[in-house]
Amino acid sequence: MSLYHETAALLTATGAPSGSIKSRIFGNKELKSPPAQVYALALESCKWSGVLKEVIENAQLLQTERKLTPALAVLLVHDYLVNKSGIALPQTHGLRAAVERHKARLSSEFTRARLRRRCATLDELRAVVEAESRTGPVHPRWIRVNTLKTTVDDQLETTFKGFEIVPSVQDVISAPAGSKTLCLDGHVPNLIAASPGTDFTKTEAYKTGAIILQDKASCFPAYLLDPRPEDGDVIDACAAPGNKTTHLAAIIRGRDSTEQKIYAFEKDRNRAKTLDMMVKQAGSDSFTVIHRGQDFLKVDPSDKAYKKVTALLLDPSCSGSGIVGRDDLPDFHLPEGPAKASAGKGDKKAAPASKTDRKRKREDHDNKPPAVVVDDDGETTEFTSEKDLNARIEALASFQLTLLLRAFTFPHAKKITYSTCSVYAGENEHVVLKALNSEIAKNRGWRILTRDRQTRGMQEWPVRGDVDACDGDETVAEACIRTYRDDGRGVMGFFVAGFVRGDDGSEVDAKDDEGPFVRDAEGRIIRDGEGIPTLKATGKKAVDLQELGEGGEETQIGELPESGGVDDEGPYVRDADGRIIRDAQGMPTLKPKGKKKNRQKQKKAKAASGPATVDKADAVDEWGGFED
């Protein structure tokens, strides 16, 4: 009994309740019924209330059953006609009996309502109801194919079998209710837009982690970061629930990289459990290190554990203003009670609204809806004054900037993405400008990742940053990527910008104590079969022996010392402290001892003179790789 009375009370509450219906239900400690059950009943009854209002009025249920209120009637009739489990009350309960006494009339009127909507089956009517009940702009169902476990082609043949492929997202959104359409996204690889309202949570692909439900805009940060094998390890600073973490994992493994790791930080232990579960389900737990309950701001950037980290993804807590309204309930249509129904049938006019009612209507019309923000846990906060909202945005922006500047301090970091699901410039463009103008950005060479250097899909995304919010800097504004939830593109409100360091965005700081070459976990330089190391900046060999051999008369290599023993300091020039002197590309300088020889001429001369014995000096003059 409590379920129906409590749900009716929440749906018909007067005044201006704070927060969304979802937050009010799950935050209500006085509910006797399970909050999830109350929310499900409220949501589904609101969706169906337009149809049920017709059914109840035409069946004259409220004229016969005077104990039923209009709200209770909608809730009970919904469960009787639509819910497969029926009314959640004992068979002898008075409320259940009040409805089931009229089952023949109710079923008949329900059939008429279905036929009036030209629906042959209940499933067709359900699709129409879903379409009519949507609030705000229509969004497709975004699905990211998890390439760690499957491919787009495989999913098209299984999960999406029977779907019609259409050219654009707009075609998906505008398709008739109940149709099954999809579009392969043109900006983010392995992303699919499917018909709005389609439930994929019961599919095998969803249960096994082969597909992940993720808004298109939420896919931008990992795709823009674009981690490559030469980039080393990656950090996700605020990782829960794990959509972006697992997207990073799919991109990394998609490039056949087996050495890279992802370090995922989440300071909230409860949210970290969700992150852990998602990473395991996505199949990336073998190379994702989850730091449960650890605050990224307390991490030591110079810790040897992160010496290979060159890319960081930052998606900090924000106002959530880009996703406001996604859990708003549809309108709750109430049937007319006996008094209003009888007034409508007779010649008498309904009583005019009282002065108090008219005054309340004017007040409701004049009052502007409060600004709403939603935090990472889904908690909703309403701000009735612009001053309070600005104070909240300012506090969030201060934290976001602190997090971004912290990322700038990682010694080997080369690229960073910063994102929010906010529409406020205070959390977006303003944070970007402050970061770029910071001392640490100037000292370490951090700059904005310009549009022409972004991944192809992000270059082509048309919605960019606000020029005014960027103090008129068009380059920065063009580099910033925005989305709006009401512009017809089918995405949530979002913001993302990239930062890079060096001339081409990939150069390591000149003060890199470990030098320019790739090293293993123990700090030793990794060399190929010929002993040649790999440059961090390019991922290529430091020296191409084939190019040296094909250099003709101009290709020359300095001669090594001609003494019988090996030079204790090696063949390279060193400074006063014994450190090898390197040029801007990290290449060492050979000691200028003796004349330069053409190595090809040497080989030809030796070949002409026949086999020769190799003495000690010749042994020293063999390539042994760069000195560590």
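Placed from the backbone N, Cα and C atoms, the Cβ positions cover glycine too.
Marked as domain 'SAM-dependent MTase RsmB/NOP-type' by TrEMBL: 131-502.
Neighbour density for CYS238 (S-adenosyl-L-methionine binding site): within 10 A of its CB lie 24 other CB atoms from the protein chains shown. According to TrEMBL, the feature S-adenosyl-L-methionine binding site maps to CYS238, ALA239, ALA240, PRO241, GLY242, ASN243, LYS244, GLU266, ASP295, ASP315.
Look at TrEMBL and you will find 329-381 (among others) tagged as region 'Disordered'.
The Cβ of CYS421 (active site, nucleophile) has 24 other Cβ atoms within 10 Å, all protein chains considered. Annotation source TrEMBL lists active site, nucleophile at CYS421.
What TrEMBL records for 583-628 (among others) is region 'Disordered'.
TrEMBL lists 592-606 with the feature compositional bias 'Basic residues'.
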Quiz item: Are there any residues in the same chain, six or more apart in sequence, whose C-beta is under 8 angstroms from the C-beta of LYS244 (S-adenosyl-L-methionine binding site), and if so which?
Solution: SER218, PRO221, ALA222, ASP236, LEU313, ASP315
Quiz prompt | Neighbourhood of GLY242 (S-adenosyl-L-methionine binding site) by C-beta distance under 8 A, where only residues 6 or more apart in the same chain count | solution = ALA264, THR274, LEU275, MET277, MET278, VAL279, ALA282
Self-check item: Sequence-distant neighbours of ASP295 (S-adenosyl-L-methionine binding site) in its chain (C-beta under 8 A, six or more apart)
Solution: PHE265, LYS267
Quiz item: Rounded to a whole number, what is the top Cα to Cα distance in Å among the residues the record ties to S-adenosyl-L-methionine, namely CYS238, ALA239, ALA240, PRO241, GLY242, ASN243, LYS244, GLU266, ASP295, ASP315?
Solution: 19
Self-check item: Cα-Cα distance linking CYS421 (active site, nucleophile) and ALA240 (S-adenosyl-L-methionine binding site), given in Å to the nearest integer
Solution: 14
